Amino acid sequence: MELCGLGLPRPPMLLALLLATLLAAMLALLTQVALVVQVAEAARAPSVSAKPGPALWPLPLLVKMTPNLLHLAPENFYISHSPNSTAGPSCTLLEEAFRRYHGYIFGFYKWHHEPAEFQAKTQVQQLLVSITLQSECDAFPNISSDESYTLLVKEPVAVLKANRVWGALRGLETFSQLVYQDSYGTFTINESTIIDSPRFSHRGILIDTSRHYLPVKIILKTLDAMAFNKFNVLHWHIVDDQSFPYQSITFPELSNKGSYSLSHVYTPNDVRMVIEYARLRGIRVLPEFDTPGHTLSWGKGQKDLLTPCYSRQNKLDSFGPINPTLNTTYSFLTTFFKEISEVFPDQFIHLGGDEVEFKCWESNPKIQDFMRQKGFGTDFKKLESFYIQKVLDIIATINKGSIVWQEVFDDKAKLAPGTIVEVWKDSAYPEELSRVTASGFPVILSAPWYLDLISYGQDWRKYYKVEPLDFGGTQKQKQLFIGGEACLWGEYVDATNLTPRLWPRASAVGERLWSSKDVRDMDDAYDRLTRHRCRMVERGIAAQPLYAGYCNHENM
């Protein structure tokens, strides 16, 4: 019987209606799930605005901050030398720092003409800087430079005291971070007392200028950001297999033939500029010339330096590491490193020594003969150690110290006392730290801080959570741990992405190496780092965001 006139849906129409209803329910459920995920993520890392107030990074050793607010007027505030300071107007390093930090404090904001009721507020009119010992104004920073300082902020004069200029530079950065604008646009600072010094003496950033050439202006920008985060070592991995951009005075063919192009080189003037720019910010420039591996670009401009590699048919088919059997190798290296010691004033040279591939040496009959003559048998680690020992002796004769990657220690090279070992292999690095320090060698750590290994999300947290001294050993061993480095290797990094890939991720490493072991509060770190990141952006550093949020300066 046909039901006419009732308007009931036919079976196909009913099925379509049911499917539509089911689809709508599923979409609603998925929306709810997505909302729950978003809420959970927001709860884990809340969206933080750039709220007013100081955000110190890295956190000083001791901070006593009162609620008493003082004000600064850009046109009526000066940074100058204390009358009893051992440094004075002739100290170019401090004079330039005074101008620089006045600009950091006031120059990146729209100056605000304050309403009349705010003109009479208590003001800080001057920051007096006092160096109490020999200033070292014209010196270069070194591994034992004193970076301690005290800062007393009160009206009408704030006082910054440091034993050396290096501590004054760190204190100026802290003072600049204390200043903020209130809701009226007034430059404000809390009455404060700060006593500060770094936990570790070596706090480095590694840049790689071989895989990709980095223009000098990018290196200088990196040095600025390092100063904002109180890093004090630029580890300059300047050459590698891919290119040789260092323009040697003695061996110009190294860069003429080994660089990507003649415009992709660092001239002597470029190198001097980087070193002086770093010095004015209290930063050492540590050059790395990695041998005997990672040297293919060297061979293009230096004949007979590299080892010929042979196929199974005894045919020459490529070149490998530096040839460790020839006297000419060591004559070249002696002359080359003498030049490096004169160009780079730092007391250390990083000699590399990592990832040496033995297959080429194994294929070369002359290398095999040399091994037999020396009694090395077939243990190519002994040949590697033979080479490393020769290079270490060269460095010692030019009165420089050596830093090496951990393989040099692992492969039983005879290291001179005081040789610094850099631990970079992420697997079981605490055990490696224990072994190196048990043998009496100073150590620096980079294994957990390879910033080229990127991941989506807030990976700064894992860098921040590392406790460098969390390895087995005596107190004497722990004292041999002198610091660490955040490394940004250059296979996938050039001038377009170096800065946002470094910052603020490297900032997490900076606080871990400067601040007390007890500074561990992740929520507080997130709040401070979010605002510190905004401050870096205001100062011209293209630091990537930590999470959802905003910076106050974005609408200025």
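Keep in mind that glycine also has a Cβ here, set from the backbone N, Cα and C atoms.
According to Swiss-Prot, the features are:
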ACT_SITE  GLU355  active site, proton donor
CARBOHYD  ASN84  N-linked glycosylation site
CARBOHYD  ASN142  N-linked glycosylation site
CARBOHYD  ASN190  N-linked glycosylation site
CARBOHYD  ASN327  N-linked glycosylation site
SIGNAL    1-42  signal peptide
SITE      ASN497  site 'Not glycosylated'
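In this structure, ASN327 (N-linked glycosylation site) is part of a helix by DSSP.
Closest in space to ASN497 (site 'Not glycosylated'), of the glycosylation sites given as ASN84, ASN190, ASN327, is ASN190, taking the CA atom of each residue. On the backbone, the CA of GLU355 (active site, proton donor) and the CA of ASN84 (N-linked glycosylation site) stand 53 Å apart.
Cβ neighbour count within 10 Å across all protein chains ranks ASN190 highest among the recorded positions ASN84, ASN142, ASN190, ASN327, ASN497.
Comparing CA positions across the glycosylation sites ASN84, ASN142, ASN190, the one lying closest to ASN327 (N-linked glycosylation site) turns out to be ASN142. GLU355 (active site, proton donor) is surrounded by 11 other CB atoms, counting those within 10 A of its CB over all protein chains shown. Straight-line distance linking the Cα atoms of ASN190 (N-linked glycosylation site) and ASN84 (N-linked glycosylation site), rounded to a whole number, equals 26 Å.
A gap of 25 Å separates the Cα atoms of ASN84 (N-linked glycosylation site) and ASN142 (N-linked glycosylation site).
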